[in-house]
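> Can you read through this structure? Questions will come right after.
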Amino acid sequence: MSNPPHGGVLKDLLVRDAHIQQELIQETNTLNDIVLTERQLCDLELITNGGFSPLEGFMTEKDYKNVVDNLRLADGSLFPIPITLDVSEEDIRVLDIKVGTRLTLRDPRDDVALAILSVEDVYRPDKTHEASSVFGADDPAHPSVAYLRNKVKDYYVGGKVQAIQAPTHFDYVALRFTPAELRAHFKKLAWRKVVAFQTRNPMHRAHRELTVRAARQRQANVLIHPVVGLTKPGDVDHYTRVRVYQALMPKYPNGMAHLALLPLAMRMAGPREAVWHAIIRKNFGATHFIVGRDHAGPGKNSQGKDFYGPYDAQELVTKYRDELLIDMVPFQQMTYLPSTDEYCPVDEVPAGVQTLDISGTELRKRLKTGAPIPDWFSYEAVVATLRESYPPRLKQGFVLFMTGLHNSGRNRIARALQVTLNQQGGRSVSLLLGETVRAELSAELGFSPEDRHKNVQRIAFVSAELSRAGAAVIAAPIAPYTHSRKAAQETIQQHGGAGGNFFLIHVATPLAYCEETDRKGIYASARRGEIKGFTGIDDVYEEPEKPDLRVDITKQTVPEIVHSIVLLLETNGLL
C-alpha cells in the first residue's frame, strides 16, 4: 500500500474542480490575468495536482511567516518552503488586486488559463529575513537568494486556487504522472514499498548500484523521480538528463524500477529542501526516500565554504520523521573496487583495497574535452547520450562580450577579431556591434538606464541562441552597468549551449583618449549638453572588476589585442 499523503488527504484540485471547469473558463473572460513565471508555473502545477498537499493555493502572510520562522503552516502542519505568488506594486494597481479579487492564472508559454486565484491576502515580505531563514544566509552566491533579490517582485498575493486544467507538456508525456496517477500505478503493480530517488543530475553506474542496494535491503521497488522544472543554473538540461535516465532504466533488474518526472522548481535549500522533497515524495506515494550527502546543496558561499554541512539534511529529516511518516534512506557514498568490478559503500571497503572514483568536475571536464569515460564509471549508452549534448570544446560555441566607452576601440578590435576567427575556420562567426544592434533590434529604445539594460539583454539573448548553435559570437556594446553585464552573462551561461562559454573583455581605453580621438565630435556635443545621458560624461560607466581580459589601445596595438584574445580562447580549449 502506498504512503498516505501529507496531512491525510491528497489535495487533487484538478479532480475536485473538474465538475465546474466550464463555469471557471467562462469566468476567466471577466477577470484580470496574471501570467505566471516559470517558477510560479511549476509551483501551480504541484499545487493543483496534489504534489504540495496539504496546500490548496499560494501562501497567505500568516502561513508564509510561520513557514519562514518555524517550518510550519499556520495550522501547525509541517511545510518547510514558502510557496508564494509575487507581484509588483504596478500589478496591484493595474489589476486592482485586493482581498476578494479573483484573478486568472495563465501559462506563460501559451497564455492558457490554468486556475483562478481568490485573493485572501496582499503583503510585502521581508526578503532579507526570508533569505536568512530559509536559505541560511542572505548571500547572493546562493542561486535562490540571487533569484529572490533580482527576480522576485516586492509583494506576495496569497489565496486558494480553483483548478481549470494542468499545464500542457509536449515532452516526455508518457513519463509525467500526477500523484494520483503514480499511486494508481503502484497499486496496479502491487508495489507495497517504494524507495524514491531524487536527482537533478545525470545518473551513472554508482547511482544504479546505490538504488538497487537500497531497494533490496528493504525488499522494495525503486522510483527514479528526477526534477525537470527549474534547477540550479548551469545544470545539465532536462532533455539530456531524461534521455540518460531512459538509457539507464534497462540496467535495473526487470520490474524493479519505474521512471517518472517531477515538474518541481528547486530552491537548493539544503536541509529544508530535503524535508520538502520527502513531503512531495510521500504525496506521490513513496514509502522511503533517499537523502544524500549535502542534499540539494548549492555549493560554495561567498567565502568559499559550503552553504550547508554534509549531513545537515539527513539530521533535519530525522528530526521530523514522526511527522513525515516516510522512512529516510541515508545516501551511501559508493566507490568502485577494480579488484572485484563492483561498487561498495565507502565505509564498507576493507583497509588497503584499491578504489576508483571520478568527481562531477572531472566528468564534466572529460565531456568537454572528449577524453574517455571508463565503463566502470558509467554505461556506454549513458555516455553516448551525454556526448550528443556535450560536444568537445572545439565544437562548442562561445561569446566574447566586449565592453568599453564610445570610441574606445571596441568596434575596431571586434572587426579584426572576426577576420581572424574566420581565418581559423571551424565555426561561423557572428558580429554584434552596439550600433548595428541598436539599428536592427532596438531602434525603438532610448538611452535611459532601463532602455540600455533592455538593449544589452537583447544582445545576450541573440548571443546565447547563436552560441548554442555552435557559433563564435563577438558582442561589442558599451554595456555601462555591472548588473546588465551580469544578467547577460547569466543568460549566456544558462542558455548558450554546452559549456556556456562566456568571456568578458574590458576595452579599458581611457576617457581622455576616447574624447581626443573622437572625429565625429560626439563627446564634444555631450560636453555642451546637446546629448543627454552620454556614457562617461553625464552617465556612469561602471568598470568591470574582474574581466577575463582587460585591454587598452593606448598601450597595445589592435593586432596584439586580437592575439591576446585568441590566446584566451586557446587556453580554454576553444581553438
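Sequential numbering from 1, following the chain as shown.
Keep in mind that glycine also has a Cβ here, set from the backbone N, Cα and C atoms.
The structure displayed is predicted, hence computed values, not measured ones.
The ATP binding site feature in TrEMBL is assigned to Gln198, Thr199, Arg200, Asn201, Gly292, Arg293, Asp294, His295, Met334. Per TrEMBL, the feature sulfate binding site maps to Gln198, Arg200, Ala296. Marked as 3'-phosphoadenylyl sulfate binding site by TrEMBL: Glu435, Thr436, Val437, Arg438, Lys520. Feature annotation from TrEMBL assigns domain 'ATP-sulfurylase PUA-like' to 4-165. Residues or ranges marked as domain 'Sulphate adenylyltransferase catalytic' by TrEMBL: 175-388. Residues annotated as domain 'APS kinase' in TrEMBL: 396-552. Annotation comment: TrEMBL describes 1-170 as region 'N-terminal'. Per TrEMBL, the feature region 'Allosteric regulation domain' maps to 396-575. What TrEMBL lists as site 'Transition state stabilizer' is His204, His207. Among the features that TrEMBL reports, site 'Induces change in substrate recognition on ATP binding' is placed at Phe331.
Map the listed features onto the structure and describe their local environment.
Taking the Cβ of Gln198 (ATP binding site) as centre and 10 Å as the limit, one finds 25 other Cβ atoms among all the protein chains shown.
Within 10 Å of the C-beta atom of Glu435 (3'-phosphoadenylyl sulfate binding site) sit 12 other C-beta atoms, taking all shown protein chains into account.
A sphere of 10 angstroms centred on the C-beta of His204 (site 'Transition state stabilizer') encloses 21 other C-beta atoms.
If you draw a 10 Å sphere around the CB of His207 (site 'Transition state stabilizer'), it holds 20 other CB atoms from the protein chains shown.
Sequence-distant contacts of Phe331 (site 'Induces change in substrate recognition on ATP binding'), defined by Cβ-Cβ distance under 8 angstroms and a gap of at least six in the same chain, are Leu210, Ile290, Val291, Gly292, Arg293, His295, Gln314.
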> Rounded to an integer, what is the Cα-Cα distance in Å between Asp294 (ATP binding site) and His207 (site 'Transition state stabilizer')?
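Each residue's Cα considered, Asp294 (ATP binding site) and His207 (site 'Transition state stabilizer') end up 16 Å apart.
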> Listed binding-site residues are Arg200, Met334, Arg438; which of them have CA atoms within 10 A of the CA of His207 (site 'Transition state stabilizer')?
Met334
> Just to verify a number: CA distance, Met334 (ATP binding site) to His204 (site 'Transition state stabilizer'), in angstrom, no decimals.
11
> In whole Å, note down how far the CA of Ala296 (sulfate binding site) lies from the CA of Arg438 (3'-phosphoadenylyl sulfate binding site).
42
> By CA-CA distance, flag whichever of Arg200, His204, Ala296 among the recorded positions is nearest to Glu435 (3'-phosphoadenylyl sulfate binding site).
Arg200
> List every residue in the same chain as Arg200 (ATP binding site), at least 6 positions away in sequence, whose Cβ is under 8 Å from its Cβ.
Pro226, Val227, Thr231, Lys232, Asp235, Arg241, Met266
> Out of the recorded positions listed (His204, Val437, Lys520), which are within 10 Å of Ala296 (sulfate binding site), Cα to Cα?
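Cα within 10 Å of Ala296 (sulfate binding site): none.
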> Please report the Cα separation of His204 (site 'Transition state stabilizer') and Gln198 (ATP binding site) in Å, rounded to an integer.
14
